[in-house]
Structures are given as C-alpha cells and as structure tokens.
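Quick notes on the structure that follows.
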C-alpha cells in the first residue's frame with residue numbers, strides 16, 4: 001500500500017494547472033495590457049499590472065516608486081504561478097494530494113481576480129482622463145475600454161481636433177485565457193479528488209487486515 005501511495009501517475013496530474021502555472025509565470029513579461037494614444041504619438045499611456053509607460057513628445061516619464069510597486073507585483077504573481085505549477089504536479093502522487101489541493105487552491109483564482117481588478121482600474125482611469133481633458137477645455141467623450149474618438153478644443157476661434165485611441169493589447173487576452181484556465185484548474189482539482197473511488201484512496205487499517213491460514217495478519 002505504501003508503494004502504491006508513493007507512485008507518481010502522470011494521468012493524475014492537474015494538466016490545466018500546469019499550463020496556467022507556466023503561463024502565469026510568463027505573464028509579467030508579455031508586454032502592456034492597455035494603451036491610450038493621443039494624436040499621432042504626441043502622448044501615449046501604456047499600462048499593465050506589472051509595467052507603466054508614459055511617453056510625451058518623444059520622452060519617457062519614469063517614477064521609481066511606481067517601478068518598485070510593479071516589481072513587487074511581478075514577484076507576487078510569479079510566486080503564485082509557481083505554487084500553481086508545483087501543486088498541479090504534486091497531484092500526480094497520492095502521497096502529496098493534500099499539499100497539492102492547498103497549493104492549487106491558493107493559486108487558482110488569483111489570475112482571474114487580477115484581470116477583473118485591472119478592468120475596473122482602467123474603466124476608472126478612462127473616466128479620470130475624460131474628466132481631466134474636459135477641465136482643460138477639450139470636448140471629448142471617451143470610450144469605456146477600447147475604441148477611437150476625437151477630442152476638440154477651440155482657442156481664439158480656431159478648432160483643433162485631437163484623435164484618441166484606446167486599445168486592449170494581446171497581453172491582456174493572454175492574461176484572460178490564463179485566468180480562465182487557472183480557474184478551471186481549481187475545478188479540475190476538486191473533480192479529480194472527489195471523483196476517485198474509495199478503494200483507490202482509502203488505506204486498509206492494520207486491525208482489519210486479512211489473515212493467513214496460520215492466523216498471521218497480512219499487511
């Protein structure tokens with residue numbers, strides 16, 4: 001029985017968790033999630049939970065504080081990805097099933113919550129940008145998350161149009177896919193665990209072990 005519990009079976013691994021764990025560790029390095037462009041590159045804002053880029057007239061604006069926060073978030077999300085990956089691999093061995101459930105439970109829901117929090121953040125940011133532009137005299141109605149619009153400003157009888165473009169980049173869609181896979185890994189983990197037959201998971205108590213004709217217990 002001990003040898004059976006220590007056996008590693010690839011078929012018992014949490015495959016969605018393995019894929020999501022690898023994707024989650026790579027996610028911070030896939031680029032920006034959301035971009036806002038004003039004019040023909042006169043000003044550009046690029047955002048992800050791990051990076052913030054602000055460019056104006058060919059120059060980049062840099063904040064050490066924001067860079068430090070982004071680095072901390074990168075470390076945290078890579079850590080959760082590693083937990084999810086290790087927990088999914090540990091699912092291959094019955095000896096580590098309990099630890100596997102704990103690790104997958106910690107990491108499975110983090111990616112989708114990160115994506116949802118990011119979407120709420122960029123919606124608020126969009127409203128903030130629209131309000132700030134209107135306060136400076138630019139008439140504009142910003143798209144909610146993605147799309148194109150034109151702002152107008154009138155000065156001394158002259159009307160100037162400023163094109164504005166908002167877009168979700170490919171890294172965001174990767175994050176969404178990884179989040180869905182990670183969430184499904186949590187469900188898959190529970191289904192695999194509770195779906196096993198009782199004979200495969202239960203150990204035979206020593207007192208109930210069968211005996212030989214000579215009356216000796218077999219273990």
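Cβ atoms here come from the backbone N, Cα and C positions, even for glycine.
Just so you know, TrEMBL annotations are computer predictions that nobody has curated.
Note that the coordinates shown come from a computational prediction; the quantities given were computed from them, not determined experimentally.
Range with TrEMBL annotation transmembrane segment, chosen from 12-34, 35-57, is 12-34.
Range annotated as region 'Disordered' by TrEMBL, chosen from 178-198, 199-219: 199-219. Long-range Cβ contacts of the transmembrane segment (61-90) within its own chain (Cβ-Cβ under 8 Å, at least 6 residues beyond either end) map to 13-18, 20-25, 27-28, 49-52, 54-55, 96-97, 99-108, 110-111, 114, 182, 185, 189. Distant neighbours of the transmembrane segment (171-188): 14-17, 19-21, 23-24, 27, 30-34, 48, 84, 88, 104-105, 107-112, 114-115, 118; these residues of the same chain sit at least 6 beyond its ends, with a Cβ under 8 Å from one of its Cβ atoms.
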